[in-house]
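Structure first, then comments.
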Amino acid sequence: MSDPMAEIRASFFIECEELLESLQDGLNLMDNGDSDSETINVVFRAVHSIKGGAGAFGLDDLVHFAHRFETAMDEVRAGRFVPDTEAIRVFFSCADLLGDLIRAARDGHVIPPEKTSPILDLLDKLVGCEEEEDEEELEFTPAALSFDLGDTAGLPDIPGLPSLEGVPDLAETDLDSDPKLVAAKGFDITFKPETALYTSGNEPLYLLRALRDLGDLEVECLTSQIPALDALDPDLGHLSWKLRIITEEPIESVREVFEFVDGLCTLDITPLATPVDFSAPDDDGPSIADLPNEFNTPTSPSEVPAPDNSAVSTTEPGEPNKEITKESPKQTTAKETPKPASNKASSAPTQPRATVRVDLERIDRLVNLVGELVINQAMLSQSVTEAGIAPNSPVSTGLEEFLQLTRDIQESVMMIRAQPIKSLFQRMGRIVRESSSSVGKEVRLHTAGENTEVDKTVIERLADPLTHMIRNAVDHGLETPEKREAAGKPREGRVTMTAQHRSGRILIEIADDGAGINRERVREKAIEKGLITAEMQLNDADIDGLLFMPGFSTASEISNLSGRGVGMDVVKSSIQSLGGRITITSVEGEGTTFSISLPLTLAVLDGMVVRVGGETLVVPLNAILETLTLTDDDLKALGPETHVVQIRGGFIPLLDLGAELGYRPPQDSYVGGIVLLIGQEDGNRAALAVDAIEDQRQVVIKGLEGSYGRVPGIAAATILGDGQIALILDPTDLVSQASGKTKKRNLPVQLAG
Amino acid sequence: MTDTEKQTDTSSIELLSFRVGGQDYSVDIMSVREIRGAAKATSLPHAPPFVKGVINLRGTVLPILDLSARLGLKTGDDTERNVIIVVDIGGRTAGLMVDAVSDILAIPTEEMQAPPDLAADHAQTFVSSLTIVDGRMIRILDLDAVMPPQGEEAA
C-alpha cells in the first residue's frame, strides 16, 4: 500500500529539514570566514544527502537543482574555487531555494524552472563549471537485476562504465589494464551489502553510478555466495561487488558515496598503489584467472554473474551468511582505521543523540492529561485538608510525594515540548537576506542564544511576528549604505537577534544599528493620522508606543516589504496572545531594539492564590517581588484619591486589585492590609492590595480567548482544587491600564492593548 | 419508513423551550449540548452586565450569559434561575442562564412566522421567528445575536 511509502517520504522530508539546518549552519560559518574543509564538507554533504534522498523518491526537480548546487560545492571543496562574500550570498540563496523545492516537493507543488534557473546560472558562472552530461545520466531508471551468465546487462548501458562482458574478457581487461591501474590513482573497493541495506531502501546500482561519477569504474559482481535455487531466500542479499575506480578524487570522496550505507555493508577501500593486507579482496589477477570454471556453473537466473576472489568462493553455498558475519567485523574495523577522526566529529552535530519522532498531537494529549493531573492533585489535597487529617499522617505525607511527582512529570512533559529556537532564527536569516536584497541594503544578521529552548507552540506562533519585525528592521530601521557611510557607520547594516532565559521567561531581542526611531516624525505622522492631537504632551516612551497603534506606518513610501497597514499592532497582539509583551528602546542614531518577553510554557505556571472582594485570583509568582503588610507609616496619601507605599526609601503606587477589577469600591483604609509588590520588565513596580493570600501552587492555564475573549488585566483562567474557576492576573497589563485606584490618570491616549 | 422520517425532518424542527423573565423562548435543539444546574460563576472584570462570568465545565472554561439581562427582561432573584443551557454555535460554547426548561417541541416549519417589525422592541433582534403552541407564543432565539461578538474585549 501507499502507507509505508508515505511514511518513508515523510521521514525523508523531516530529514531534509535537518539537513537544511546543518546546511545553513555551515554556510553561516563560511560566511563568517571559516574556510575549514570540514565546514565545507558539512555543506557539501547536506546537499548531497538531499540529492540522494530526492533521487530515491524520483523528485527530479529537486535532484536537478541539488546536483548543480552540489557540483558547485564540490568545486569549493576541491579547492578549485574560493568563495567570496558574493558567492556565499549566492550559496545562501541556493540553500533557500533548495528549501523551497523541498517544501514544494513535499506539498506536491511545482516551482517553475524560471525561478531556479537564474540562480543556477549565476552559480555556474561563479564557480565556472559546466555540468550537463551528468544530469542527463541521472535520469536512468533502475533496471531489474535479471541477467544470464555472460550477459552484458550487468548494469544498464551506462556510458563510461565498462560493460560486463563475458567473464574471461573481464579478466583479460583487468589483467591488461593492471599495470596502468597501479600507475594511475584510484581504489579497489570490495562492497558487500548486508540485508539491512536492501531493507532500508538502498539500491547498490545508485551507489555504483555515484562512484562512476568520480572516475572510470570497473565493476565485478561476485556471485559465489548465492545458494542453490531451492535454498535461496529471496529476501536476503547474496551479491557483493568488487570495484576498481580510477580517479583523482581523495579516498574521502569514495567513502562519501557509501555514506548512506555506512554500517549496512561490508566495505573495504584500498588505494591502488598501496599494498593490500587483506586476504579476501583485491588480488585480482590470479583469482580471476581461476574463475572461468565457476562461471560455467549456472546460478540463479535472477542474479548477477561475476568473478569472485578465492577467499569468498570457498564458502559453501549453504552457509553464506555465516561467512559474512565472520567477515564483517574485521572489515568494518579495517574500514574505520583510515577514516580521519574529524570526519566523525563533523557529522556529530547533525545526529547527536538517539531521538524519537513523535506526533505533536500525542504530546499535546499528554500535556493536557498532565494538566488534569495537576488539577486533580489540587482537588485531592483540598479534600484531605477538609477531612481534617493530621499533616504528619501517612495520607498527608503520601500526598506530599504525589505533589512532588506531579511536578516532576509536568516539568518533564514540558521539556518534551521545548525546542531550540534555532530553526526560527534560521528562517529569519533568510528573511534578512531576501528583504535586504530587495531594498538594496547590505545587512548581516547576528544571532545569539540559538539553543535557548522554547515551547514548540510558541516557536510556531512567533514566526509571523518575528518575520514582520525583521522586515521592519531592514526596511525602516537600517539606513541605506550611503547614509550609513555619511553617518560614519560601516556600510553593512547589522541586525542582531538574541534569545535568552530570564527569570522564568524567555527574552527575545531584535536589534538593529540603524538610525533609531525618529520620534519627531512618528509624532507628526500620528497627528496626521488623527491618532493623537497636536497639543498632547508625549514622552519618548509614549511616542515609541505609538508604533503599536493600529494603522500606523512610518515608511513614507510603501515598499513591497512593509508598510501595508498591517503593522506593529498585529505583532503586538500576536505576542500578547502568547502571554508575552513587547517593548521598544531606541537611541537616535544608534539603533532600535525590540524586546519580546514570553512565558516559558503555555500550559502551567506557579502562582500565588489570593482573595479579593470575594473572588479568588491567581497572581503569577514570577511577577511578585515580595509581599508585605502595610503599616500606617508605609502608606502616604498622594493627591485626593491615590496612595503611594513607601518602601526602603522608594515610593510605589498603590493599586487596589478589587477596585481595579471592579469587584468592590476602594476601601477606606489599607493599613494592615496585604500588598503584593509587583515587578515588571521595564523595572517599574507597583503595590497591589489584596484581601488575603491563600496559597501558592502550580496552576494549569486555561485560555479565555477561545471561549470568551480577552479580558483586560487577565491573562487566562485556571481551575482550582474546589472545581471553581479562578482568573490568572496579567500584572503588567493590569498595572499599565490601572486607574490608580479612582483618580483618572491623564494618559493622553489609551495605547492599544 | 425512512421516507416518512425524512419528511418529518425536512418539514419540522425540534425546539427546546424554556422560560426566561416570564416569557417563553426556545432554541433549535441541535445547538444544545447539555442542560445543567446553575453553579457559582467566577465573574469577569470589565465584562458587560449580561455576562455572569465563567464556570468550570469538566475542565473547560465556559462563559455564562444571563439571558434575561441579555434580552433586556426583568431579572428576578438569582435563586430562581437555576438552569444553564449549554449551547454550541459557530464553534463556540456558552451557557445560557434561564429560569426553567419547559419542553421539547416539534414544530412544522410552515407554522413558524417571522416576527413583526416592532422598532420599539429592543429584544426583537434576538428573535428569529415566532410560533404558537397550545395557545402560548414561543419565541425562537437567534443564538448568533445572543452571543457577544468574539474579541469584543480585545481592543
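Easy rule for this one: first residue shown is 1, then count along the chain.
Cβ coordinates are placed from backbone N, Cα and C, and glycine is handled just like the others.
What TrEMBL says about a protein is an automatic prediction, not a curated fact.
Note that the structure is predicted; figures quoted are calculated from it, not measured.
For A:319-329, the entry in TrEMBL reads compositional bias 'Basic and acidic residues'.
What TrEMBL records for A:343-353 is compositional bias 'Polar residues'.
Feature annotation from TrEMBL assigns domain 'HPt' to A:1-105. Confidence for the domain 'HPt' (A:1-105), expressed as mean pLDDT, is 79.
Taken from TrEMBL, the feature domain 'Histidine kinase' covers A:332-602.
Counting residue by residue with DSSP, the domain 'CheW-like' (A:604-740) contains 14 helix, 71 strand, 52 coil. TrEMBL lists A:604-740 with the feature domain 'CheW-like'.
The phosphohistidine annotation in TrEMBL covers A:HIS48. Packing around A:HIS48 (phosphohistidine) is summarised by its Cβ count: 23 other Cβ atoms lie within 10 angstroms of its Cβ, all protein chains included.
According to TrEMBL, the feature region 'Disordered' maps to A:277-356.
Per DSSP, the domain 'HPt' (A:1-105) is made up of 89 helix, 0 strand, 16 coil.
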